[in-house]
Every structure is written in C-alpha cells, then in structure tokens.
Amino acid sequence: MSDSKEPRLQQLGLLEEEQLRGLGFRQTRGYKSLAGCLGHGVLVLQLLSFTLLAGLFVQVSKVPSSISQEQSRQDSIYQNLTQLKAAVGELSEKSKLQEIYQELTQLKAAVSELPEKSKQQEIYQELTQLKAAVSELPEKSKLQEIYQELTQLKAAVSELPEKSKLQEIYQELTRLKAAVGELPEKCKLQEIYQELTRLKAAVDELPEKSKLQEIYQELTQLKAAVGELPEKSRLQEIYQELTQLKAAVERLCHPCPWEWTFFQGNCYFISNSQRNWHDSITACQEVGAQLVVIKSAEEQNFLQLQSSRSNRFTWMGLSDLNQEGTWQWVDGSPLLPSFKQYWNRGEPNNVGEEDCAEFSGNGWNDDKCNLAKFWICKKSAASCSRDEEQFLSPAPATPNPPPA
C-alpha cells in the first residue's frame, strides 16, 4: 500500500513544480527540502496567496498611469475644441454669408411648403388690416389736403382784384407808350407834320371863296417872317451850341473808362453780374485791372458806401486761401492790423471753409469762394495834360479883355 502512494506523491510533486514554474518561481534545493519538510498542501496555499498579492500589486501600480492617460486624452480633446472654436471665429465673411444664404434657402423652402390655404389666409389678414388702417385715416388725409389746397387756390385766383398781373402789365405798357409819345424826339418833323395836318384841316373847313385868299395871305406873312429872321436863328444857334459842346467833350481828358468811377487817382468798376471769387479775379484782369485792393481808410469808406447803397454782397481781393487765418490781398500784401476793424462782429469765422472776403452790409464778411457775387475792379486813372486839367477846372472870373 505504501508502495502505491509513493508514485502518486511523486506525480503530485512534479505537477506542483510545473505550476510554480509557470508562475515564475524557480525551485531551489532549499525549497525542495522545505517542501519536503512542511508538506505540499500548505506550501501550495502560501504560494497561491503570494501570487495573487503580486498580481494585485501589479494592477494597482498600473492605475495611476491609466488615469494620467485619460487626463491627457481629455486635455487633447479640449485643445482640439479650442482650436475648432478659434477656426470658426476666424471664418471669412464669405463663409458667414454662405451660412446666411443657406438659412434663407431653408426658410424659403419651408415657406414654399406651407399649404396654399395658409398663404391665402395670411394674405386675407394682411388685406383686412390694410383696409382697417385706411379706414382709420383722418378725413384730412394727404389727397384731401391737396384737393383742398387746389380748391382754395382756384378760389383765390377767381377772387383776384381787377388789377391783376396782366392788367398791371397792360397799364405799365400803356404808361410806357404815353411816356414814349412824350419823348422830346417828337422833334421838328413830327411837329411840322402835326402843324400841316392841322393846317390842312383848317383849310378844308374854310368856305370855298376865302380859301385861296387866306392861303395866299398866310404864305405872304410866312415869307415876310422868314425874310426877317436873323442869320443865327434859334435853331442855328442851338445847333452851333451842340456842335461846340460835342467838340469840347471830345477834347476832355477821360481818366476812367465809361461806367467806371473815379476816386483819388483810381478808377473803380462795380459789376452788374455775379461770379465766384476766382472768376472775378479773371474778369478784372481781362480789362487791365485787379480785384480791388484797399490801401486807405478813405478808400474803404468810399467802397463800403458804394456797396451798401446797392445792397449787394461784393467780392474784394482778400483771402486766406494760402494759410488759414492769414489774410492776404491778391497783390501779395498782407492785411494790416488797422484794417481788421472793418470785419463785421464775429467775422471772420471760417464756417464751412469760408476763405474769401466780401463787402457785406456795413463791413466785411468771409464766405465760400465758389459762391457767385458781384465784384469791384480797380486800376489807376489815366493822367491828363496840363492844358486839359486847366480846361476841366473852373475858370476864374476875369475882367473883359482890353481892346485890341
């Protein structure tokens, strides 16, 4: 019986040894002796417990690494989301427009899918609301107001006094015609024609017998009167006076052209049309003058009076176009401090780029250079000879010349 147990024990020993080898344990000589001493059962339990503890230790040691990997994965996902958000924020305007277009397309498709009945109901509701809004308009709506204005205008036209515009024009023409008829140019020929007309009427009214006699008498008296006229009759004297006056005028010195005004050795032209400041300079240059440059207080007072009389806004040759706030005349000379008193109160104020000066009211004003206004040209007067100056000046009273 003992002999049969020993082979079985050997087989068990070999099996345990292989299992331990599989678990990574190496049998030593001491181990074999110890196993032999303590018995195989207890040893197996101890070894199994030790193996389980070792495996558990290995698994526990792997937990922190898996947690760190999960954290790393979450960090990576967060970074990717951040980059994606930044990329979306950096989308071009074109992409945004495309998205809007897509939204609109989807909305259009959704609207087109509405049932026809729903569309009709919406249209009907809109029309109903519009009709209600129109019916709630006040009586005096825009069309009604326009109609009333036209009605009132028509009534006002129909109520115009008899002296309406056409009647006034007609009266003006009538007065003008009468004034023309009274012109002195109804001169000798017209008067002679009228006299002949009256004479013819008088002759026609004469009795047949006395007509020839009276005509003869009239002719005789006329002939006698003509014969008694002095050589220098009144008409001849007037003609001679006019001839002499014409010759004297032609000999006069003209320091300024016609329609120019003479003052202190200079000639001034005040325009009757309007131009902007730059074109006013050109207009003066075309007649050999320049846009007026003021040199004295007397000249300023004279020009200001001319401008205020006509109640016009008139350009002068002063601007601060070269440098804002530095006023300069067109001849390059600066504006003297003593002339700053001529600015109107609060001027110059450069409201809206006002860089050119004008006569305005009783003083000066700055205004926009591109505006059209009247202008004043200035140039030196022509010099007259000594004889002409004596001729122009009044002659002193002298006694009658001595007899020759």
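Any Cβ shown, glycine's included, is placed from N, Cα and C.
Note that the structure is a prediction, hence the values are computed from the model and not measured.
Record source Swiss-Prot places C284 in a disulfide bond whose other cysteine, from C187, C377, C384, is C377.
Among the candidates C356, C384, the disulfide partner that Swiss-Prot records for C369 is C356. Taking Swiss-Prot as the reference, the stretch among 31-34, 143-146, 203-206, 335-338 described by the feature motif 'Endocytosis signal' is residues 31-34. Confidence for the topological domain 'Cytoplasmic' (1-37), expressed as mean pLDDT, is 52.
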